[in-house]
Amino acid sequence: MVIGVAVDGPTMWGLLPLATYVVLALCGMDLVIATVVSVASALLILLPTPAAAGEILGESLGDQVTMIGLIILLGAGLAEVLRATGVAGRIVQSVMRIAGDKSRTAVTLGMMLSCLILVAALGTLAGALAIAVPLLLPIAAKLGFTRSALTSTIFIGGCAGLAMAPFAGSNIAVMDAADVGYLQYVAYGAGPLAVLSLVVGLIVVPWMQRRTARENDYYRDDEIGTDDQLQHPHASRATVVFSVGLLTSVLYATLTSAETSFPLLALPVLAIITGLAGGLSPTLIAGRVYAGAAGLMNIFLLFWLLAVLFNAMNRIDPFGVVLDTYGSGLEHLGAFSFALIIALLGWVGVPGATAPQVVLLDKLFGELAGALGVSAGTWVVVLLFASKADTYGPFPNANMVGAMGLARSLSLRNILLTGWALLIPAVVMYIAIMFVETR
């Protein structure tokens, strides 16, 4: 408040709310609470009238940032419909049937692709793997896969699928920030990572198998269970309808260069047609969508609060002051060096969920990136790497532990080795892409 009284007009003090957010998040505070504190500090610097403060809150409900939060809710609702209709399980079974079980390499590739496709379709890693693993574990155990080898397989495939998911909140945030369509996003960022993941996976999983076979890291007979699951009578029909609907949505969005708001229509439509094809009544479909979305209401609240924070900061305009003061010096840095620094900063220095990470980095550095001539493709790579790299390391994280738990593995060291084995070539690959793009 003292700053708000003492300062009038644009000021670099407007960066204080962002600094507050980063510090509180690094200290482990809940992200929603940390954002509330940051919003309060921004409003104290701005000192708007009650009417102006209400205007900021109202405008933020229709902001692009808030829209991403709503898309995440709708995606969770669709994922619940896919579970209820048996579509998710049928996707896994179909991929494994095509891959066959003639060799361990074919099964490894099939399991990675199953996880990739299912995670990409559902837009959630934990939820998709929770469906896939009970189907994959009996297959893997019968072929002698160790716990750590299966953990590596589902982790690699699932993380690749998360990068490819067309309607995942963090990926939409990247496309929105870089102002690109899904095909460009895949071409520059997600596609290379997915291909690299599958190639590296075919090397890492056999290596992990040999490494852990000596430790007798096999499944017990009582842990294998069965791959027979509750059969949904209309699962095949629902799977076909969902697949056609998803491909049509992605194709339409690509050909028409649809805005990032398109998922607001596509996701509910996909949920409705899949649910109806799966034999669910409209009431049951609505209930499933609500059940899936209800668990992520805190995410929607977080994005709305972030929109309020950024709108308040836009009125303080600290970024304009930074550009005016330091812009000429940063121009000598060059687009490649700048992109590399921001990517590394996002990886190790910006905490929190992936989609808010993307939004925060773009709000902080997007304008400066444009001024330095950073291309849209390079910005896709920067934001994708910044938001996804910490999934692979260097430290343990919830995604790693989740994959371990589902595969019934207790070796944190082995999943860390898997993450590092992917992270190192991914860093080299993305540095090479950024170098070429900034020439």
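Each position is counted from 1, following the chain as shown.
Cβ coordinates are placed from backbone N, Cα and C, and glycine is handled just like the others.
Where the annotation comes from TrEMBL, it is an automatic prediction and has not been curated.
The shown structure was predicted, so the numbers you read here are calculated from the model rather than taken from an experiment.
Record features (TrEMBL):
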DOMAIN    21-180  domain 'Na+/H+ antiporter NhaC-like C-terminal'
TRANSMEM  20-47  transmembrane segment
TRANSMEM  68-91  transmembrane segment
TRANSMEM  111-137  transmembrane segment
TRANSMEM  149-173  transmembrane segment
TRANSMEM  185-205  transmembrane segment
TRANSMEM  238-255  transmembrane segment
TRANSMEM  261-280  transmembrane segment
TRANSMEM  289-313  transmembrane segment
TRANSMEM  333-352  transmembrane segment
TRANSMEM  364-386  transmembrane segment
TRANSMEM  415-436  transmembrane segment
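At the 8 Å Cβ threshold, with sequence separation of at least 6, the transmembrane segment (415-436) comes into contact with the transmembrane segment (149-173) through 3 or more pairs. The listed stretches are 20-47, 68-91, 289-313; of these, 68-91 has the most Cβ pairs under 8 Å to the transmembrane segment (149-173). Predicted-model confidence for the domain 'Na+/H+ antiporter NhaC-like C-terminal' (21-180) is 85, expressed as mean pLDDT. Segment contact is absent for the transmembrane segment (289-313) and the transmembrane segment (185-205), given fewer than three CB pairs below 8 angstroms at sequence separation of 6 or more. Scored by C-beta pairs under 8 angstroms, the transmembrane segment (364-386) has its highest count with 185-205, from the stretches 20-47, 68-91, 185-205, 261-280. With pairs at least 6 apart in sequence, the transmembrane segment (185-205) and the transmembrane segment (261-280) have fewer than 3 Cβ pairs within the 8 Å limit; the two do not touch.
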